[in-house]
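Single-structure report; data block below.
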Amino acid sequence: MKVAVLGAAGGIGQALALLLKTQLPAGSKLSLYDIAPVIPGVAVDLSHIPTAVEVKGFAGEDPTAALEGADVVLISAGVARKPGMDRSDLFNINAGIVRNLVEKCAATCPKALIGIITNPVNTTVAIAAEVLKKAGVYDKNRLFGVTTLDVIRSETFVAEAKDLNVADVKVPVIGGHSGVTILPLLSQVEGVSFTDAEIAALTTRIQNAGTEVVEAKAGGGSATLSMGQAACRFGLSLVRGLQGEANVVECAYVDGGSEHTEFFAQPVVLGKNGIEQVLAYGEVSAFEANARDAMLDTLKADIQLGIEFVK
């Protein structure tokens, strides 16, 4: 099993690489790429950790060598948010980066499962899809927007609010991956009930958690460590699915035939071909239905921005 991380020298990329080095199945290969010249050194640094995962680093303009034979590609390359920026401000820089990297994936590892971490995910996933379509290799079951950070934040905040064991908390998160498009389905959390005020407060905190980190870091970056953990969880789930493990379910932003928008975050079953099955997200409360319906114009506009960028 070969996993490639593109943008591996950044804050998310290094955290993700460390976690993958310690958690990938024995015998796996970890391929790290970045435009920054430090990345071969990051690979050497990681190679001293005693796990049976081979690590190689590739620097420079061309990621082809890093991508050869990759089963999973996780893309975290791009610039991070700073105070005063929202995820859409990142579009002007990150759109071109994602386009160029996905073009290389299409040419080098067209069957790989691709997880897009680079923000704004609502838009960058649409860019990736259009690039893959242009190359004639698009498979909607092999492209994912990684929204796992919204899930782990939801699980953490609910466990804290209700004094639960976080390992027992499961919160599906649907929609997209920015602001109002992030919708945790708190009505579906088992064995716990919330007041209307709690639901409103938790939902807002989950939606604004990225900004909470950006402001707390005071200009020193955005959510890198928690995002690295979230991306590792999702990447390992992709690997487990590829290896034939049953019942591997994660929420992800996918082209899953949603009635709402072309791309929509919802639970999916992962398997040997990427998405084996898109799961219905089930019954929602009136609050959640209203929040879902209110986000759709924003989400559609984000998606259209990505489509237009590639055209």
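Think of each number as a place in line: the chain as shown, counted from 1.
Backbone N, Cα and C atoms are what each Cβ position is placed from, and that goes for glycine too.
NAD(+) is bound by GLY7, ALA8, ALA9, GLY10, GLY11, ILE12, GLY13, ASP34, ASN94, ILE117, THR118, ASN119 in Swiss-Prot, and the record lists one more residue there from MET227, MET295, which is MET227. Within its own chain, MET227 (NAD(+) binding site) has ILE12, ALA15, LEU16, SER76, ILE117, LEU149 as residues 6 or more apart in sequence whose C-beta sits under 8 angstroms from its own.
With respect to ASN94 (NAD(+) binding site), the closest of these recorded positions in Cα terms is ASN119, chosen from ARG81, ASN119, ARG153, HIS177. Per Cα geometry, GLY11 is the residue among the recorded positions GLY7, GLY11, GLY13, HIS177 nearest to ARG81 (substrate binding site). Within 10 Å of the Cβ of ARG153 (substrate binding site) there are 24 other Cβ atoms, across all protein chains. Other Cβ atoms within 10 Å of the Cβ of HIS177 (active site, proton acceptor), summed over all protein chains shown, number 29. Residue pair GLY11 (NAD(+) binding site) / ARG153 (substrate binding site) shows a Cα separation of 18 Å.
Across the annotated binding residues for NAD(+) (GLY7, ALA8, ALA9, GLY10, GLY11, ILE12, GLY13, ASP34, ASN94, ILE117, THR118, ASN119, MET227), the two most widely spaced Cα atoms sit 18 Å apart.
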